[in-house]
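**Q** Please read through the structure below; I'll follow up with questions.
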Amino acid sequence: MRLAVIPGDGIGPEVVAEALKVLGEVVPDTEITRYDLGAARWHATGELLPESVLGELRQHDAILLGAVGDPSVPSGILERGLLLRLRFELDHHVNLRPARLYPGVKSPVSDPGEIDMVVVREGTEGPYAGNGGLLRKDTTHEIATEVSINTAFGVERVVRDAFARAASRPRKHLTLVHKTNVLTHAGSLWSRVVEEVSLQHPDVTVAYQHVDATTIHMVTDPSRFDVIVTDNLFGDIITDLAGAITGGIGLAASGNIDATRRNPSMFEPVHGSAPDIAGQGTADPTAAVLSVALLLDHVGQSEAARRVEAAVAFDLATRDHSAPGATFAIGDRLAALVSSREVAQQA
C-alpha cells in the first residue's frame with residue numbers, strides 16, 4: 001500500500017506518529033510518503049496545496065491526515081485552501097463518520113443503550129459548494145447569499161453508498177435526515193432518490209426524520225439509528241453530536257471517500273489541531289488510530305482493520321479514563337494489542 005501522510009498542525013504530528021506505529025504492526029510493508037502541508041509551510045512559502053503536490057497525492061492508495069489549523073493563520077485560509085480543496089479536487093463525495101459507544105466509555109446521555117451508527121454525509125455539494133456572494137457590502141443594503149447545490153448525480157451516488165453500507169450491516173436500516181417540509185426542492189430530490197434506490201435493496205428498511213427531530217432522538221434514543229444519509233450541512237452538524245454522545249470527538253474517526261476509487265480517499269480524526277496542548281504529549285491518538293482502521297477497510301485490508309478496531313475496543317474497556325496515559329504510551333499499548341491473544345479472539 002502506498003500511503004500519503006499529512007501530519008499537519010498542532011497535535012496532528014503527535015497522533016499521526018502513534019497511528020503509524022499501529023499501522024506498522026498490521027501492514028508492515030506500507031510505503032509512506034510525508035507531506036508538510038499546513039500552517040508551517042504556508043508561513044514559509046505562502047503555499048497551501050501546490051499543483052505538483054496534488055499530482056503526487058493522486059498516485060497514492062490513500063491519505064492519512066492529522067489535523068490542520070493554527071491561530072497564527074487567518075481563519076478560513078487553511079480550511080478553504082487545503083482541506084476543502086483536497087475534498088473537491090479528489091472528489092471526496094462521501095464523508096463517512098462512524099459513531100460507536102465502546103464498552104468502558106461514558107456517554108453524557110443517561111441511558112444511551114447500544115450506540116453503533118454510521119453517518120454518510122454528502123461531501124461536495126450543499127451550501128459548501130461555494131455558490132454565493134455579497135452585494136452592496138458594508139452598506140445598510142448588504143445582501144449575502146449562500147446557495148445550496150444538490151444535483152441528481154451527487155445525491156444518487158451518496159445514497160447508493162449509504163444503502164450499500166446499510167445492506168452490509170446486521171440491522172440493515174437506513175434513515176434519511178433532511179428538512180423536506182421547508183427545503184421542499186432539495187428535500188424532494190433527496191426523498192425521490194432514496195425511494196428509487198430503496199427498490200434495489202428490499203432487505204434494507206428505510207425511515208425519514210427531519211434534522212431537528214434527529215437531534216432530539218440522538219440524545220433521547222440514539223440506539224434507533226443504524227445508517228444515516230444526509231446532505232453536507234446537516235451531516236456536518238449531526239456528526240459532531242453523534243461524536244459527543246459516544247465519548248467526544250477525541251474518539252471520533254472520519255473518512256473522506258471517493259467511492260469510485262479514481263482518487264485516493266483521505267482519513268482523519270475529527271478533532272482539531274488543539275494548539276493549546278500541542279507538544280505536551282498528552283493528546284489521545286485513539287481517533288487517529290480508528291481512522292487507520294477505516295483506511296484499512298477501504299483499501300481492502302479488512303482483517304487488519306478488525307484487529308485495529310478490536311485493539312481500540314479492548315484498550316477503551318480496560319484503560320483508566322481519568323488518566324489514559326501519554327500520547328506515546330497509548331500508541332504503544334495499541335501497537336502491542338493488535339498482535340495480542342486478546343485481540344485475536346475478538347477480531
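Glycine is no exception: its Cβ is also placed from the backbone N, Cα and C atoms.
Got these off Swiss-Prot a minute ago, pasting:
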type    : residues                                                                                               : note
BINDING : ARG87, ARG97, ARG121, ASP212                                                                           : substrate binding site
BINDING : ASP212, ASP236, ASP240                                                                                 : Mg(2+) binding site
BINDING : GLY272, SER273, ALA274, PRO275, ASP276, ILE277, ALA278, GLY279, GLN280, GLY281, THR282, ALA283, ASP284 : NAD(+) binding site
SITE    : TYR128                                                                                                 : site 'Important for catalysis'
SITE    : LYS179                                                                                                 : site 'Important for catalysis'
**Q** Using the alpha carbons only, what distance in Å do you get between LYS179 (site 'Important for catalysis') and THR282 (NAD(+) binding site) once rounded?
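**A** Per the Cα atoms, LYS179 (site 'Important for catalysis') and THR282 (NAD(+) binding site) stand 40 Å apart.
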**Q** Taking only the Cα atoms, work out how far ARG97 (substrate binding site) lies from ALA278 (NAD(+) binding site), in Å, as a whole number.
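**A** Checking the Cα atoms of ARG97 (substrate binding site) and ALA278 (NAD(+) binding site) gives a distance of 25 Å.
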**Q** Consider the binding-site residues ASP240, ASP276, THR282 and say which one has the Cα lying nearest the Cα of ASP212 (substrate binding site).
**A** ASP240
**Q** Quick one: what's DSSP say for ASP212 (substrate binding site), helix, strand or coil?
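**A** Reduced to three states, the DSSP call for ASP212 (substrate binding site) is helix.
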**Q** Once ASP212, ASP236, ASP240 are set aside, which residues in the chain still have Cβ within 8 Å of the Cβ centroid of the Mg(2+) site?
**A** VAL211, THR215, LEU233, PHE234, GLY235, ILE237, ILE238, THR239, LEU241
**Q** Work through the binding-site residues one by one (ARG121, ASP276, GLN280) and name whichever has its CA nearest to the CA of ASP240 (Mg(2+) binding site).
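**A** Its closest listed neighbour, by Cα, is ARG121.
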**Q** For the binding-site residues ASP212, ASP236, ASP240, ASP276, ASP284, which Cβ has the most other Cβ atoms within 10 Å, all shown protein chains included?
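**A** In terms of Cβ crowding, the pick is ASP284.
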**Q** Spatially speaking, which of the recorded positions TYR128, GLY272, ALA274, ALA278 is closest to ARG121 (substrate binding site)? Use C-alpha to C-alpha, please.
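**A** Nearest candidate: TYR128.
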**Q** Long-range same-chain neighbours of GLY272 (NAD(+) binding site), Cβ under 8 Å, sequence gap at least 6?
**A** GLY10, ALA67, GLY69
**Q** Sorry to bug you, but what's the C-alpha spacing from ASP236 (Mg(2+) binding site) to THR282 (NAD(+) binding site), rounded to the closest Å?
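**A** Cα of THR282 (NAD(+) binding site) to Cα of ASP236 (Mg(2+) binding site) measures 27 Å after rounding.
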**Q** Between ARG87 (substrate binding site) and ALA278 (NAD(+) binding site), what is the CA-CA distance rounded to a whole number of Å?
**A** 26
**Q** Which number gives the other C-beta atoms within 10 angstroms of the C-beta of ARG121 (substrate binding site), all protein chains shown included?
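**A** Excluding its own Cβ, ARG121 (substrate binding site) sees 27 Cβ atoms within 10 Å.
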**Q** Let me know the most crowded of the recorded positions, choosing from ARG87, ARG97, LYS179 and counting other Cβ atoms within 10 Å.
**A** ARG97
